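Pulled from TrEMBL, these are the features on record:
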- CYS2: active site, for GATase activity (ACT_SITE)
- 2-193: domain 'Glutamine amidotransferase type-2' (DOMAIN)
- ASP98: L-glutamine binding site (BINDING)
- LEU263, VAL295, SER409, GLY410: ATP binding site (BINDING)
- GLU411: site 'Important for beta-aspartyl-AMP intermediate formation' (SITE)
Amino acid sequence: MCGIWALFGVDVHSISKYDKTFSKIQHRGPDAWRLEYDLKVKNICLGFHRLAIIDSLYGMQPMKLHKFPFVSMICNGEIFNWKQLGEKHGFNYETQCDVESVLQLYGSFGIEETLKQLDAEYAFCLVDSLKKKVFIARDPYGVRPLFYLSSSNGILGVSSEAKGLTCLIDELGLTEWEMKPFPPGHIAEYSILSDGKLELISLNRFFKIEEPILPPVPLEKGTLNNFIFIFRLAKENVHANIRNLLTQAVEKRMMSNRRIGCLLSGGLDSSLIAAILVKLSKEKGLPYPIQTFSVGMADSPDILAARQVAKHIGSEHHEVLFTAEDVLSVLDKVIYTLETADITTIRASCGNNKKDHHLLYPYSLHRPIVNLIKYGIHDIVICLKLIFTGMYLVSRYISQNTDTVVLCSGEGADEVAQGYIYFRDAPTPDHAHNESLRLLGDIFMYDGLRADRTTAAHGLELRVPFLDLRFTQYFLSLPKEMRQPQNKIEKHLLRSAFDGTGLLPNEVLWRHKEAFSDGVTTVKKSLFNIIQEWIDPKYTEEDLKLATVKYQHCPPNSKESLYYRDMFEKHYEGLSSKFMPYFWMPMWTQVKDPSARFIQHYAAK
């Protein structure tokens with residue numbers, strides 16, 4: 001994880017005027033930074049904030065190689081198959097940094113073949129000064145963020161987060177401009193003009209969710225390695241393939257020179273990832289135990305379930321409890337961090353990290369309380385997945401109190417495996433399948449955005465095994481009927497694949513789906529109720545009526561959403577339609593609030 005930033009078509013001799021803009025994304029890369037221009041190409045500046053995960057000595061960017069001296073690249077990403085690519089093509093790597101493989105592939109085969117061979121999460125900008133070309137690309141699901149600002153006169157800005165570009169609009173005096181997220185699974189090609197400005201040649205989609213980009217891996221022995229005949233696969237073989245591919249997805253994401261861990265919410269997704277991670281760490285003989293970390297209010301459902309899972313898998317488990325005041329005190333900061341006004345995304349991100357007097361109590365399964373008193377919980381190794389609330393809280397705590405940098409997460413499981421409660425109401429298997437595709441296509445603006453921003457805000461790297469390309473392309477190729485909820489249970493196929501393995505306790509494996517914000521609080525009073533009570537006196541009913549005129553795109557329908565929108569516009573005025581095309585809401589229901597609590601199937605106790 002890092003922050004990439006570039007500016008094209010602006011006099012490089014005045015680039016120092018924009019260093020404050022560049023520094024707005026320094027949280028993504030706290031280890032080192034570089035702002036560089038190359039006289040081989042006029043008026044082009046590349047910036048990089050580094051979080052060193054692989055090859056801390058030689059992995060600095062912008063990256064250039066002796067073999068391809070005219071190519072420079074900034075890349076925020078992890079190339080999971082970089083070693084395999086090196087062996088396959090005989091690359092003589094100059095560094096031990098995984099992203100070098102992108103330059104090696106481009107220099108040897110060109111941009112199109114490069115994208116076909118990457119098993120990775122990435123956003124990169126590549127400048128070929130010899131061919132006078134710029135290429136910008138983003139991974140298929142948009143796991144790594146990327147924004148661009150383009151003007152009618154050929155100026156282009158690129159940044160990992162929008163906050164690294166917004167000030168440029170006024171600073172550069174732009175009149176005709178557009179700023180929005182760079183679309184996942186796309187490649188843009190620009191020509192570099194004589195003054196360093198850019199001309200867009202093409203913007204093409206290289207990935208479609210239902211069209212596998214990577215060749216299929218060998219499946220369980222005895223099955224057919226051809227998706228056309230997937231209907232003939234025995235159920236037990238399908239289960240074995242799901243287990244194997246998800247395990248491989250986690251194993252890939254253990255690639256790191258920094259410490260790895262797992263946040264454990266107690267829900268199915270984070271529990272599966274944590275259990276697999278602990279199992280693999282023991283098999284690989286990692287020099288440290290995997291510690292899990294949960295956060296919530298006292299005796300919340302997630303706290304209790306996570307405690308049970310941690311005991312079962314044998315992780316070093318720690319709990320930190322927070323109060324409603326902690327959440328409310330950081331709400332405005334979260335909205336700035338997220339770069340969205342979406343109700344669900346904000347609710348699922350809130351939380352704060354005050355000092356120890358705000359933590360109701362620390363709890364450890366493996367450490368005597370005397371040691372906790374002596375050392376606090378400063379050496380906790382955490383592995384992140386908190387679906388509902390507290391990601392901001394946990395991330396800041398990790399950054400300030402631990403040496404954990406790489407975090408595994410369960411994002412993507414609900415989208416891939418039809419995990420939201422409303423999937424029970426899908427009229428047909430085709431409707432459910434298409435909804436999965438829609439959710440995956442937009443995840444970079446909602447759940448994926450939340451997970452990235454709340455962790456990156458504190459210099460942490462998030463990895464998402466459920467969005468692994470081979471896992472998703474296999475799971476989505478299975479019969480549509482097989483992937484639907486069964487017996488009123490969401491993610492039935494995923495649960496069934498691990499049933500009887502002993503990896504998780506049955507009551508956790510088959511635990512009902514919690515509503516957003518409910519998992520870390522209680523069913524009596526959800527976190528969003530607490531937020532609404534705090535916001536309510538800030539507005540009148542007349543304010544809410546006028547808001548529909550003031551904000552015609554996604555007009556606020558409650559005082560809560562009006563507050564979020566006002567805070568968003570303070571930092572990102574006029575950009576809501578580009579960053580948030582719609583409010584995240586459940587399908588096939590008449591509810592007006594995105595919380596699953598209002599869906600008739602909700603069964604939390």
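Quick reminder: no glycine exception, Cβ is built from N, Cα and C everywhere.
Recorded features from TrEMBL, shown on the structure.
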residue : record                                                        : Cβ neighbours (10 Å)
CYS2    : active site, for GATase activity                              : 29
ASP98   : L-glutamine binding site                                      : 25
LEU263  : ATP binding site                                              : 30
VAL295  : ATP binding site                                              : 29
SER409  : ATP binding site                                              : 30
GLY410  : ATP binding site                                              : 27
GLU411  : site 'Important for beta-aspartyl-AMP intermediate formation' : 27
Cα separation, GLU411 (site 'Important for beta-aspartyl-AMP intermediate formation') to LEU263 (ATP binding site) (Å, whole number): 12
Mean per-residue pLDDT computed across the domain 'Glutamine amidotransferase type-2' (2-193): 95
GLU411 (site 'Important for beta-aspartyl-AMP intermediate formation') to CYS2 (active site, for GATase activity) - Cα separation in whole Å: 20
The residue listed as 'L-glutamine binding site' versus SER409 (ATP binding site) - Cα distance in angstrom: 21
Maximum Cα-Cα separation (Å), residues LEU263, VAL295, SER409, GLY410 listed as binding ATP: 16
Rounded inter-Cα distance in Å - CYS2 (active site, for GATase activity), the residue listed as 'L-glutamine binding site': 14
Integer Cα-Cα distance in angstrom, VAL295 (ATP binding site) to the residue listed as 'L-glutamine binding site': 33
Between GLY410 (ATP binding site) and ASP98 (L-glutamine binding site): CA-CA distance (Å): 23
